[in-house]
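**Q** If you scroll down you'll find the structure; I have some questions about it.
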């Protein structure tokens with residue numbers, strides 16, 4: 001569904017954030033991207049929808065005949081491609097002074113014209129879909145509340161609804177749990193993974209919490225200094241792998257012991 | 001080293017000798033400049049008048065009291081004009097300030113090299129010229145009257161409002177803008193959804209703040225013929241009708257206090 | 001569970017909740033605003049013939065900016081500018097010197113109540129009176145010349161600086177001040193060690209800002225006879241010498257830009 005080819009990003013300061021990354025994600029796969037701060041995780045997912053302009057390399061979205069290449073697109077075609085990629089952010093990135101409903105509907109901006117969106121006259125089908133999604137994430141009563149009145153977990157649910165109303169093929173998820181407490185983090189991760197399964201979405205999830213990644217994702221990629229150091233299933237992730245990604249440390253308490261995983 | 005070693009005695013000082021000297025020289029130059037300024041002012045002053053000032057002031061006060069209350073009837077119309085100059089002038093200014101602010105803000109300007117300097121130039125030049133000078137200029141161009149005052153207030157306010165607005169635009173939370181961009185929104189949609197909601201409080205605050213200032217400024221525009229209550233002030237001063245002057249000053253003072261109260265109320269309601 | 005609510009919502013139109021919830025109040029405000037603007041514009045008496053004649057002159061003025069004449073009245077411009085500069089510097093220095101004690105007195109956390117009330121009274125008076133009006137009174141009392149301008153601006157500086165200084169002192173970190181008081185210091189020592197270091201950077205920044213404002217204001221005081229470049233500008237407009245007027249305005253803009261740039265550097269340095 002999503003294929004990266006030799007994706008490279010060099011910042012103007014000369015820092016190489018990504019170094020010829022090759023990656024292929026099939027339909028319906030939820031992939032966790034782990035790695036130390038500054039490894040290029042954020043840059044990688046932002047290069048996919050070109051919020052950060054990649055220096056070189058290719059990004060193919062879609063399967064077979066329908067596949068499109070994103071890095072060479074004009075800005076109007078890029079907007080159309082962005083509709084197919086839902087994004088979920090670390091600090092929720094809701095427009096704080098708009099209502100929950102407006103935030104969810106803003107996911108349809110790529111589909112409606114300027115004046116329709118400015119006057120908040122969305123097609124009825126979009127409005128119904130927004131209500132369905134709010135119901136799915138459990139926030140239907142909150143529809144007319146302002147986004148800054150919600151708690152962190154609730155805000156992230158709105159962020160998820162906004163990404164899904166785009167009707168995307170791929171989800172790009174940037175540290176969804178970084179500012180949440182452990183319980184809410186699990187709920188949010190579970191919700192994202194359930195929704196991906198329901199809709200057969202491919203997803204890249206940047207995540208710091210290795211245990212959470214092991215718990216919810218089918219595949220784990222370890223990134224270090226802009227290069228992929230590990231690519232495998234959660235069960236293959238041992239202390240030695242973590243040491244190559246993050247450096248020397250006592251990893252026993254961090255990861256799920258193999259026997260427990262088997263049980 | 002700020003520890004001075006003189007005759008075996010160590011003394012601690014905050015600064016070493018060179019820093020001390022530079023500081024003293026700085027103060028000396030400052031004081032000298034001030035004294036020279038004062039001397040120039042003093043030369044240009046007829047001191048006989050100044051020594052006479054308390055008597056003149058007392059004389060003026062006794063002539064202006066009691067204020068001529070009946071004059072109030074003729075003040076209502078100019079007061080209404082003053083209010084209109086301030087309010088419509090502020091509205092006009094805001095309409096023009098918003099695009100200028102977007103062109104001047106680093107994160108929204110279409111071109112940092114060509115467009116931004118022009119926008120900044122508009123801001124600086126309209127801001128550094130007092131509304132009274134704008135009024136003087138406009139009276140000489142389009143003739144005396146309320147219109148000249150209104151445009152003067154509008155022009156003076158563009159720079160002020162645009163500066164505060166573009167600072168607000170530069171301080172917005174960029175992740176919210178990023179999130180809207182990531183949905184595939186067009187440039188204008190990003191503006192309407194990602195940026196506008198974030199700067200609305202600043203916009204409302206600036207509007208009310210500037211309206212308050214403009215009401216004060218429009219009270220004196222009449223002095224150069226640009227309409228409002230200042231016209232009455234000027235004509236009363238010309239014929240030395242001190243009781244009328246006193247009444248006008250009281251009216252202006254009340255208007256200022258009321259406008260401050262109104263703007264505080266509105267700001268409280270919006271933010 | 002929530003499906004009842006969902007079924008109820010599905011297929012129904014959605015509207016953004018209004019900012020003002022009460023519809024009567026909302027429509028009342030909108031209608032009131034429209035009526036006001038209509039009335040205000042209706043009472044605007046514009047002599048369109050005069051305006052259209054004026055546009056030609058307006059164009060001449062704009063063209064004059066392309067070829068400003070610095071030399072024809074070079075002597076007058078120089079004299080006026082020098083006087084403005086002198087008045088600016090002198091009034092800023094004196095204004096700062098007076099506003100520091102008044103600012104201390106107007107801070108509730110360090111001044112006793114009677115002192116506080118007196119100082120707040122002075123601040124309120126200074127802020128309520130427009131500079132131009134004060135200048136008119138000062139000219140009437142002290143006669144024409146820069147002394148009137150100097151007194152006016154010093155008085156205005158007090159209102160501005162004392163208020164902001166007092167607010168700054170009221171917002172300061174109490175723990176630091178308490179620590180100094182705990183050492184058994186006298187009141188003056190306490191101010192010097194506990195309060196001054198906390199408010200000094202902002203005081204310097206505000207003083208620079210006020211210098212900038214005072215220069216702009218001094219440019220208009222000449223209009224009412226209180227000395228400075230304003231008188232030269234007034235004469236230029238009266239004689240329709242737009243090239244000289246343009247030269248003066250350009251100088252004012254350039255000076256304000258320079259002052260702003262310098263104060264930016266100084267503020268960055270002290271903070």
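Keep in mind that glycine also has a Cβ here, set from the backbone N, Cα and C atoms.
Automatic prediction, not curation, is the source of TrEMBL annotations.
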**Q** Write down the single range among B:135-155, B:156-176 that appears in TrEMBL as transmembrane segment.
**A** B:135-155
**Q** Transmembrane segment per TrEMBL sits at which of B:58-79, B:190-211?
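**A** That would be B:190-211, per the transmembrane segment entry in TrEMBL.
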**Q** Taking a Cβ cut-off under 8 Å, which residues six or more beyond the ends of the transmembrane segment (B:112-129) line up next to it in the same chain?
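**A** Hits for the transmembrane segment (B:112-129): 100-101, 103-104, 106, 155-160, 162-163, 166.
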**Q** Among B:21-41, B:85-105, B:135-155, which stretch has the highest count of C-beta pairs below 8 Å with the transmembrane segment (B:190-211)?
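**A** Of the candidates B:21-41, B:85-105, B:135-155, B:85-105 scores highest.
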**Q** Under an 8 Å Cβ to Cβ limit, what residues of the same chain, 6 or more beyond the ends of the transmembrane segment (B:85-105), are close to it?
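**A** Counting only partners 6 or more residues beyond its ends, the transmembrane segment (B:85-105) has Cβ contacts under 8 Å with 115-116, 118-120, 122-123, 146, 149-158, 160-163, 165-166, 169-170, 191, 203, 206-207, 210-211, 214-215, 217-218, 221, 226-228, 259.
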**Q** Are there residues at least 6 beyond the ends of the transmembrane segment (B:135-155) whose Cβ is under 8 Å from a Cβ of it, and what are they?
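**A** For the transmembrane segment (B:135-155), the list is 81, 84-86, 88-90, 92-93, 96, 126, 214, 217-218, 221-222, 224-228.
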